[in-house]
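These come from Swiss-Prot:
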- 1-44: transit peptide (TRANSIT)
- ARG308, ASP345, ASP349, ARG486, ASP489: (2E)-geranyl diphosphate binding site (BINDING)
- ASP345, ASP349: Mg(2+) 2 binding site (BINDING)
- ASP345, ASP349: Mg(2+) 1 binding site (BINDING)
- 345-349: motif 'DDXXD motif' (MOTIF)
- ASP489, THR493, GLU497: Mg(2+) 3 binding site (BINDING)
Amino acid sequence: MSSLIMQVVIPKPAKFFHNNLFSLSSKRHRFSTTTTTRGGRWARCSLQTGNEIQTERRTGGYQPTLWDFSTIQSFDSEYKEEKHLMRAAGMIDQVKMMLQEEVDSIRRLELIDDLRRLGISCHFEREIVEILNSKYYTNNEIDERDLYSTALRFRLLRQYDFSVSQEVFDCFKNAKGTDFKPSLVDDTRGLLQLYEASFLSAQGEETLRLARDFATKFLQKRVLVDKDINLLSSIERALELPTHWRVQMPNARSFIDAYKRRPDMNPTVLELAKLDFNMVQAQFQQELKEASRWWNSTGLVHELPFVRDRIVECYYWTTGVVERRQHGYERIMLTKINALVTTIDDVFDIYGTLEELQLFTTAIQRWDIESMKQLPPYMQICYLALFNFVNEMAYDTLRDKGFDSTPYLRKVWVGLIESYLIEAKWYYKGHKPSLEEYMKNSWISIGGIPILSHLFFRLTDSIEEEAAESMHKYHDIVRASCTILRLADDMGTSLDEVERGDVPKSVQCYMNEKNASEEEAREHVRSLIDQTWKMMNKEMMTSSFSKYFVEVSANLARMAQWIYQHESDGFGMQHSLVNKMLRDLLFHRYE
């Protein structure tokens, strides 16, 4: 490794220049807000770069952050103390014994499913894989004619990457094989498991498509008549967002609430889930504090008052994407990426003139300090923050993995900025792209590729150049993850962005192209998300990338659907429901 370091030159983070940017306070932008005929809000500011030039600019109208620096730094939790770790260890041993000693095959599978939903399955991975491995090779313990057990077994095996054929459901279909048997409609628990299992389908699996349609139709009817409160709650939850599309930790609290109401609740499992939740929350708070210190030190939110100050929301995203406890470094890194993507996105979408955006793109393509000097002051600090961050991450990867990631990281950030410029040109020309033209660019402009690129280099144990090349030719798993991220984002933010005068999003592109209603367009986008998940599911079963990189790629898509599940902007506009979910995970301990 030492010889490799001698041969690779990574630009030194340009901290020597960073301090000079804070002397630009005399050039801070002066805002006065006016409305325009194009919709949205505009700000009039002066850029003092010699001669004073009046430039009309948009503003996003975003609200200030709900958590200032001092508030974030004040968070503390007793659950980071050693005594809680020791207590949890004792309960983990007890649950391991339950898994080993449970003789009922279905009860074992149900316990595994509960552990996953409670967010504590990470403590039992070896035991779970051993149990599922035995279930994969022996079917004798499960009645293949029982829909509930068959569907539960199928779903868990696929979730753990076992190759299970959809043919296990053939015995539940009618004689012609065209639909499922009508006699199943009274098996509500079985239908719920069938519905959940259907979301692990890959492209071309017709039986699972039939299963989804059949189960959905009858579960929607059961919601209106079923009197079992716990079962009804599970059905409503699944119809809102199926288990396979849900992130684990952000959902854990609500499942703990549901689990403790069940008559078959295990007190030890419940107590472990509550304690573990509070311990993880304590860890998350420490990571958030570190990310917040970095954000404060960049000065971006002070020098660029038009950008979204959302460091807490940026961190919240990471808790669903990088779920394993030991990857705190990666969560903090991802928080920084989210903050930088958000900042640069606001520069392109809201504030920069087309000429400035072209200058910024050229500077990013050249990737050197000299290019930065041609930028207006507000862009210089943005450029330098990104430049320093990427070089620092490349250095850490070289130090820890012995691999120079610099050219790959530069490529993905340049690609992101170039996609932003394409959309800026559409805006200034008043261009309305077709849905195909829009998606060709927007799955890149959503910002998922830099996230996955950085995570690839951190989460791959032994990095091979061939794998790095495959990843950065935008492998199908990257494309699927970013496509779902884009479409889910569009479903939640498109109306707000169109009101600001932005280019049409996927919903509006479809409406313009097909002369469709908004609801028809949204239904089409939902179908695109479903189709893309089938591509994702196939990649999850067959991908040559590391198991955990595949997992975080899927989690990026899941977190997008979690944030935007009610088709409103839970990030930029601080939607009250998302705000509550964020507080419950990061700040409110479980009593």
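Along the chain as shown, the residues are counted starting at 1.
Each residue, glycine too, has its Cβ placed from N, Cα and C.
ASP345 ((2E)-geranyl diphosphate binding site) is surrounded by 20 other CB atoms, counting those within 10 A of its CB over all protein chains shown.
Per the record's binding annotation for (2E)-geranyl diphosphate, residues ARG308, ASP345, ASP349, ARG486, ASP489 show a top Cα-Cα distance of 19 Å. Every protein chain considered, the tally of other Cβ atoms within 10 Å of the Cβ of ARG308 ((2E)-geranyl diphosphate binding site) stands at 23.
For the binding-site residues ASP349, ASP489, counting C-beta atoms within 10 A of each C-beta gives the highest total at ASP489. Look at ARG486 ((2E)-geranyl diphosphate binding site): DSSP puts it in a helix. Within 10 Å of the Cβ of THR493 (Mg(2+) 3 binding site) there are 20 other Cβ atoms, across all protein chains. Across the motif 'DDXXD motif' (345-349), the DSSP tally of helix, strand and coil residues reads 5 helix, 0 strand, 0 coil. Residue pair ASP345 ((2E)-geranyl diphosphate binding site) / THR493 (Mg(2+) 3 binding site) shows a Cα separation of 14 Å. Taking a C-beta cut-off of under 8 Å and a sequence gap of six or more, ARG486 ((2E)-geranyl diphosphate binding site) has these contacts in its own chain: MET439, SER442, TRP443, SER445, ILE446, GLY448, SER506. Cα of ARG308 ((2E)-geranyl diphosphate binding site) to Cα of THR493 (Mg(2+) 3 binding site): a distance of 14 Å.
Annotation note: THR493 (Mg(2+) 3 binding site) sits in a helical segment as assigned by DSSP.
Between the CA atoms of THR493 (Mg(2+) 3 binding site) and ASP349 ((2E)-geranyl diphosphate binding site) there is a gap of 13 Å.
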